[in-house]
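Encoded as structure tokens, the structure appears first; notes follow it.
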Amino acid sequence: MGVNTAGDPQKSQPKINKGGIGKDESFGALFKPVYKGKKLADPVPTIEDKWQLLPAFLKVKGLVKQHLDSYNYFVDVDLKKIVQANEKVTSDVEPWFYLKYLDIRVGAPVRTDADAIQASISPHECRLRDLTYGANIYVDIEYTRGKQVVRRRNVPIGRMPVMLRSNKCVLSGKNEMEMAALNECPLDPGGYFIVKGTEKVILVQEQLSKNRIIVEAEPKKGLWQASVTSSTHERKSKTYVITKNGKLYLKHNSVADDIPIVVVLKAMGLQSDQEIFELVAGAEASYQDLFAPSIEECAKLNIYTAQQALEYIGARVKVNRRAGANRLPPHEEALEVLAAVVLAHINVFNLEFRPKAVYIGIMARRVLMAMVDPLQVDDRDYVGNKRLELAGQLLALLFEDLFKKFNSDLKLNIDKVLKKPHRTQEFDAYNQLTVHSDHITQGMVRALSTGNWSLKRFKMERAGVTHVLSRLSYISALGMMTRITSQFEKTRKVSGPRSLQASQFGMLCTSDTPEGEACGLVKNLALMTHITTDEEEEPIIKLAYAFGIEDIHVISGRELHSHGTYLVYLNGAILGISRYPSLFVASFRKLRRSGKISPFIGIFINTHQRAVFISTDGGRICRPLIIVQNGLPKVESKHIRLLKEGKWGFEDFLKQGLVEYVDVNEENDSLISVYERDITPDTTHLEIEPFTILGAVAGLIPYPHHNQSPRNTYQCAMGKQAIGAIAYNQLQRIDTLLYLMVYPQQPMVKTKTIELIGYDKLPAGQNATVAIMSYSGYDIEDALVLNKSSIDRGFGRCQVFHKHSVIVRKYPNGTHDRIGDPQRDPETGEVVWKHGVVEDDGLAGVGCRVQPGQIYVNKQTPTNALDNSITLGHTQTVESGYKATPMTYKAPEPGYIDKVMLTTTDSDQTLIKVLMRQTRRPELGDKFSSRHGQKGVCGVIVQQEDMPFNDQGICPDIIMNPHGFPSRMTVGKMIELLSGKVGVLRGTLEYGTCFGGTKVEDASRILVEHGYNYSGKDMLTSGITGETLEAYIFMGPIYYQKLKHMVMDKMHARARGPRAVLTRQPTEGRSRDGGLRLGEMERDCLIAYGASQLLLERLMISSDACDVDVCGQCGLLGYKGWCNSCQSTREVVKMTIPYAAKLLFQELLSMNIVPRLALEDEFKY
């Protein structure tokens, strides 16, 4: 290649065009696009450049942005829609009265303190003071007062919890310096709420999509059904078309029986059988045969006209009107149900039933198609049939419910006032508004803090919608923001919803799911996914008609099913038919790529059903892809250069039509290639980066494509438990439980994901030099051997912070708690040991060492705090009037006081929070893990002198047993060791990104250049004997995480101790100093051994032996040698039984069951 060929005429290229025809340049130009990018010399846009799109994407979308977008949409758009739908409050008593809402908005977060000087409040202050981070909801109203119409602006009607980092939050748009001034961490993801001082996340909820036909089948049982869940603002209901005995029926909750489908269609105005037959069955003989019995059935019922059909249906309608109201005639009832309740998402104007009739016909046809062809059955678990509900949608449902209740309460109260005939002052409705403003606030706070969404209108009862944001590490908080939960019962052991679907590729993370019962039901979003919000439908409908759709009102059944016509759906409702579907779809996409319509609108062709689906609804998962045209990606190096220079953002790539968002259904309509080299002339899209099929948590693993799949899943769970740093403001926070690693390091082997999510700024782990060899017997079963000198130098050292809070209460009778002075010894005047750390203000000093059992807040409560007799003045000076209720330090090891904070809560009580600190070094039994799901406990800590060392004197920090590798097949760990070693020698951080990263050949080559063995093995010398070890040892740096499971928090044993009051058995649990239970299974083992005396000793003598008097005659329990039922002392004997058994007998007696003890002599002979 490098030879200069210009001078030599033989070697110079013949100047013939690629067409091979003479010198005609213009003719050759025709052929140029075909070869562009296909020659070897032309540079293909390299992977290096392309991934720059990722940080640009994560700036505008992704990870936590979906929560923020959803909340912003709710606050800016949905709130106004909800208020417009319920804008007027009228009175039943006075016809002239009305109250109308003109506008609604949410203000900025403010304090609720009465004496606040500065109104705005920061989230950090809410966390510390246990407040709710919320903003006022203001409305503009217009109402009548006497003879005039009054307008008022900015009337507060309640408080809305504010999501952090949303556009209503104090933090939105702030730079790092301003964040620091607010004590907030710039890397904190936001997207959660602060309710009563705890951070609450509304998890993404997964549900089946609304307003779409879903066909299910169980051919073995002879069941086929098409169902639609219609959801509108007013109601939510489910409509089925089912088969029974080969006939089709419509099933709905508001109708008592299943109604034959033909009767329904007749009631909707399709009176001719011919018309119905064409609409449902079309011209295909197989469908006609299946549909014929349904037509016959209608004739058997003697229903021929719409009126007869309506009366048939009307007789079966369930009416839920109030008892007093008179019933409509049956056919009007039926019309109302058909118009408004059945398939509620299809509107009926002026009793024009045609669209709804066609829809039911199509549903019936889909059932027939499924009966003929099993391919037509839908998959419930397919991601395209799912919708994800975000915080905004859930809050909108909640707010709508609360707002409706608020209005109905307001109306009742106004009616109550207006009923009084002799009113002295003029009636002002404004006063009523302010009275009720608590409803909305309380409802919002209750739902967020308990996680129970109970809405009366939709009969929606959901538990566990919100969770406390887990702050174990930065990754655990981030992983929680991308988590998706499905409302599926965890107990059922079905594999369908749990298995990995092919349609989840690139949308949901393939590794990150918990083990155990929630496996596969709790999922996580992949790195580049975005969840759509609702778009306006009107412009899309106009556009569709402009592209030549024929309206559904004017089309006969025959035309509908004629060859080459495709139905066009918009969000599940039928718009019309198109005879040129591919052209229609292509022109739609052209408009989307040129930025004329929203980039999140999806459109795709389904050839099975002969339909085109357009979707603009919220909750679809989509991801960006590079558009490919004529076998060439549209993104070129010059565009990436603009991006690097900061002249372009991600939005520009969308507007220029280089990148587009594709949802799951549209992916089915595309051919996506992963690398440039795979592009063929048919390719439509190119992946931006293949490693984005993993999520944020799985992206931390180096070389995950070399590991066995479940190992990556284990690491996803353990990466969230690794102790590191939580945030930059960690030392300002006072949380219930905080962990901090003393010397965190960023990993030697990084991945692209680590940089994108900022893990390298808040890492959780340390690079340990690991030797893989057997050493002593203490490394069996994954145990690790640790080097004592490494621990002395700070390896694996962490700090644990515990919060203890106490409220100094004020009581209704005028008394209040107080903080007392430390108690002194009466003789010497010294402070007693128990109060050793308490200073003169009754609180422990910061930095004091607290021993177990010492007091650190000397609180005292008045003895008469709970009686409600009002004490005259504060006459409580008597010392005896207080009893001590101090805060005592209960942990087993001494700790240090890190912080003491005094503040007031919003109800004006004084709140004291004390933060305790313990510094812990690794000890036997602490749990560590590498980033490959290889967890192990510390088995032994060895002096450095006894550890093996290499010729440079390097000693390993950890020795790991090689038996952990063969069965687990974590080759990624070995490659990490190799890459890490290279990084140390070169002074660089190597990459171990999924499907990429430093290659083993390159790494080995660099090792050899630096004078090491190419396979990463070293010659070690035994520290015990001083001889060279017989084998070469694989040694190098691996990133190890210390997990939160530490022996000090778990170790527990007891001999004697407290007992439960009721059963007199030892209590349960470590916190109550409980006993260790010998359970049923252990009992069975002892029975099998025949160790009867041991059983007696464990289950009775050491547990709860009890001497009772038993009457030998009647077999009941007596008392002090007297049997109460026989009224004698004759045959009463003493015996020992467990107290729990005695309790059981007495409880049975109380339930009128008489257990009698049949006694035998122990020694008969």
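Each position is counted from 1, following the chain as shown.
Backbone N, Cα and C define each Cβ position, glycine as well.
So that you can see what the record holds, here are the features copied from Swiss-Prot:
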REGION    1-21  region 'Disordered'
ZN_FING   1111-1126  zinc finger
BINDING   C1111, C1114, C1123, C1126  Zn(2+) binding site
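Broken down with DSSP, the zinc finger (1111-1126) shows 0 helix, 5 strand, 11 coil.
Counting only residues at least six positions away in the same chain, the Cβ atoms of C1123, S1125, C1126, R1156 sit under 8 Å from the Cβ of C1114 (Zn(2+) binding site). Remark: C1111 (Zn(2+) binding site) has L1117, G1118, C1123, S1125, C1126, E1131, V1132 as non-local neighbours, by Cβ distance under 8 Å and separation of at least 6 in sequence. Across the residues of the zinc finger (1111-1126), the predicted structure has a mean pLDDT of 82. All protein chains shown were included, and the count of other CB atoms within 10 Å of the CB of C1123 (Zn(2+) binding site) stands at 22. Within 8 A of the CB centroid of the Zn(2+) site residues C1111, C1114, C1123, C1126, the other residues of that chain are G1112, Q1113, G1115, L1116, G1118, N1124, S1125, S1128, E1131, V1132.
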